[in-house]
Structure formats: structure tokens, C-alpha cells
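As annotated by TrEMBL, repeat 'HEAT' applies to 14-52, 168-206, 207-245, 246-282, 285-319, 328-366, 367-405, 406-444, 523-561.
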């Protein structure tokens, strides 16, 4: 008897600990306890989880938001712990309570979990347990329960009987007309999702009137959410229905008095275009697009400017060039000199993408002048966005035309006062060099690349050394030997120690791409010379460089030239020089041992 009492006591222990921790004053302890719910449920077993743990949780929902959020999250994955789908209804009461609390993130998480649990119910249980819960939330006194109700319609509707479906549609209509803006906002945000599961005849008769009403709401926060629903509804309807059921509302949204609604139309414009098809786009969306490109609010112009390329790309191919040239480009031309830098920057990030659509002649005649204006824009971001997309244009008009038109502007940007602009040009240089060819590069751009090695900003010097390596990969070691290595070696004699350091960084990089002969003959003597440099920073970089270039040297050269220099540096008075020299000695020895074993 005593042992069976002890067993009962042991089995009660987990719930007792939970109750103690959930009542603890320390929020963290309560939170930890909630996060261990699944472990406690496993210890209790399915039956006691249903009969003791869930009722206890339902009765004690009055805690800190952080604890409630964790509880709402846990309960979504609890179906297997209460005995599987046939017992999923036990999870509804605590989640229903959580779906009515004041904190939005808790309600959202509770609705998310309710959706998971509802999907696990059988069709019969759904009508018996979930639909009544939805109806209670719909008729709740507090707006919090009514906002939560909006998220459950789409998960219940497909699997219930026709009379219940009619009831759900009536309930949704009631929420769309709710006196509280927060509820109408929640209904508008879920309208598109609900539209996807409703039969087409009821979509037209029941939901579209709701959509039209929400799109005319006196709150702009409701109207802008109706724009999202517009995309979903347009995708579901045949073309002729879109024209008379959706388009009037869309036109109204595009010229809404609130800039937030117009901004949302701009954001969703390409999705709307894909949903309505080419004919409606040509007749209705092109004028709306023009209207937004001229919008009074900079945020709207910037949003629609980012869509220019995608909108044009999705135009009907037969009329694409004509529509761009006559209906889009004149408006784009105005945006190039927009007073707002964000608008110009947004346009600069996509305008190059029009080149492949318009072809060589139109690009040269109409787009190149716009690119040149943008390359000279006072806003660095505009210039950067143009530079980083030059390859689109090169593919269309060829490098000769590009170099004649844009090279002067690129040279100007290479010496820009903003270092990020110079950095963008450096990063683009290897690709540009490949397109221009060696001869043209040597004439026009090699001097620029050498100049960057002496820049006063470290990030530019670092990028310039990597740039040298990429250029050698492009043009070959022989070009490097004749064209750039002599100019780099001159830097080793510069009075400024930073230039001597940059020389070392370049030699590091070049050894990888120049091969053993050039490294031994041209690069190594300069590195060894700098081992006697008066500045300790240069000397310890010599040690690091010798370690890096040693894999590209013959063992005889390492024994006769590299090792003696490193031994000398290992006896240096500067502690950093000694440290890097000893590291290099050890690394070279390890590499030799590995090679010996191989």
C-alpha cells in the first residue's frame, strides 16, 4: 500500500513542481516552466495531460506577456501529447483564452497555434469544436477576440458543410463591417487568404462587396490592407470579371488621398500586373503606373521607381518597346533629376535593366544620356547603383560605345571624394578590364589602379591590392611582369612606411598568380630588402609575407634566402617582429615536414 502511495506521489511530482514554478514571483522561472511543458506532459501521460494539465493552464492564464507568448507557442505542438488528433479539441479552451488577451503578439501566436490545431481536427470535430470557438470569438465583447477570429476562417471553411459555410461568410461580413478599426483591419488582412478557399460564386456575391467596402474605409490603415486582397482576388477571377469587379477599386486605390495606400499600390504593382494580364495592364495599369511615377510623395515615387524594370519586363512582348518608349520613359526621365535622393537612388538601381528590352539603338539614343546624368549625380548612392549595373548595358551596346560615353564619368568617379564610391569602382574594375581588353586598359585605366594603392583610406588600399591580383588573373603573369610589378616595386622605396606596407601586401597577392620564376626573380629580393626597414610594422609584415610566399619558392631558395632572414627577424628587438618571425619559421618547417611525408 505504502509503495502504491509513493507511486502516486511520484507521478504527481511534475505537476506539483510546475504549479510551484508557475506561481513563483520570478518571471524567468515561470517562463522556464512553460518551456518545459512538453517534458511535463510526457511525464504525466496523455490522459492526465488532458484531465489535469490543460485545465490548470486554462484557469491560470493571467500572466506576463512573455510567459503567455511561450505558452501559446507550446500549445500549437501539443496534439500528440494529449493523445493525437481525436483529442485535439482539449487544446482549444486555453488557446481561445490566449486569443483574447490584450497583447497583439500573444494573440497572433495563439491564432497561429489554433490554426495548426484546427487543421488536425477531423471534419466532424471541426464543426463540433472549432467552429463554435470561432463564433464565440466573432461575437466577443472585446475587439481582441474579434480580431483573432479573422485568422480562423480560411482554415475552417474548406472542410465544413454548406449551411456552416454560409454562416462563416455571414460572420466574416459582420467583421468587415465592425465598428472597431482594428477588427476591420484584421478582416482586410485576411480577406485575400479567405478568398482563396471560397467558391467562385460566393467570392463574387459575398466577398467582393466586402472588399469594395474595405477599400473605401475611412481609415487608411484598412484601405491599404485591401490592396493586398486586391492581388489575391484578381488572381482568382477570369479577366472579364476582374475588369468590372476589381479594377474600379484598384483605380481608386492608386489615386487614394492617403500616401500610405498609394505606397502599398506601388509596392504590389508588379503582382497586380501579373494577376490582371497584359490587356488590362496596357489599358488600365500603364496610366496608373504613370500617375504613381508623378506622385507628390517621395516615398511613393521611390517605391514605384524600384518596380520600373519588372513592370516593363512583364509588358506584352509585342508592344513592350512601344509602351516603354512612349508611356514610361518620359516619366523616368523626370525621375532622373528628382529632388529626392532616395527616388533617384531607387531608379538608378533598376534603370540599366531597361537596356536589354530596348535594344542597342534606343539605349544609345535615350538611355545613355540618362546614365551620364546619374553618374554625375551629387548623391553617391545614385552613382554606385549605376556603376554596379553597367554590365547590363555593355551586353547591349558593346564596350566601344560604352567606353566612349561612360569612361570619362568612370574616371571621375575613381577619384571621387567619397571613399565608398572609389571602392565600388575598384570592385567593378576587373570586370571592366575584361570587357575593355588589355590595350585599352593599359592606356586609360592602369594609372588609376596604381593610384588607388596610395589612397589615404586603408579599405581602398586593401581593395586595390586584391584588384591587382584579379587583373593579373585576367591578363596573365607576363603582363604583370612588364606592366605593373616594376611600378609596385618602386613603392618599396617610398618615404611613407604605409606605401612600403602596401607594396608588401601586393607582393603577397601577386605571388599566388605570378608563379615561382617571377616570385623568385622579382618579388623576393624586394621583400628581403624590406627586412631591414626601420619601421617595425614593415619588418613584421616581411615575416608574414615570407610565410605566405614560401609555397611559391623552391626549397633551395627557402634554405639560402628565406630562413636566414627569418632567423635574423626572430632576434629582432621588437616583440611583434619576433612573434611573427617565429610563427613563419614554424609554418615553413611544418610545410616542409608535410611535403617530406608526401
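Glycine residues also receive a Cβ, built from the backbone N, Cα and C atoms like all the rest.
Because the structure is a prediction, the values reported are computed rather than measured.
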Distant-in-sequence neighbours of the repeat 'HEAT' (207-245), which means Cβ under 8 A and at least six residues beyond its ends: 169, 172-173, 176-177, 181, 184-185, 187-189, 191-196, 198, 200, 252-253, 256, 258, 260-261, 263-265, 268, 271-272, 275-277, 279-280
Chain residues outside the repeat 'HEAT' (246-282) and at least six past its termini with a C-beta under 8 angstroms from it: 208, 211-212, 215-216, 220-221, 223-228, 230-231, 233-235, 237, 239, 288-289, 291-292, 295-297, 299-300, 303-304, 307, 310-311, 314-316, 319, 323
Same-chain residues at least 6 beyond the ends of the repeat 'HEAT' (523-561) whose Cβ lies under 8 Å from its Cβ atoms: 485, 489, 492, 497, 500-501, 503-505, 507-508, 510-512, 514-516, 568-569, 572, 574, 576-577, 579-581, 583-584, 587-588, 591-592
Average model confidence [pLDDT] within the repeat 'HEAT' (14-52): 74
Helix, strand and coil residues within the repeat 'HEAT' (246-282) as assigned by DSSP: 31 helix, 0 strand, 6 coil
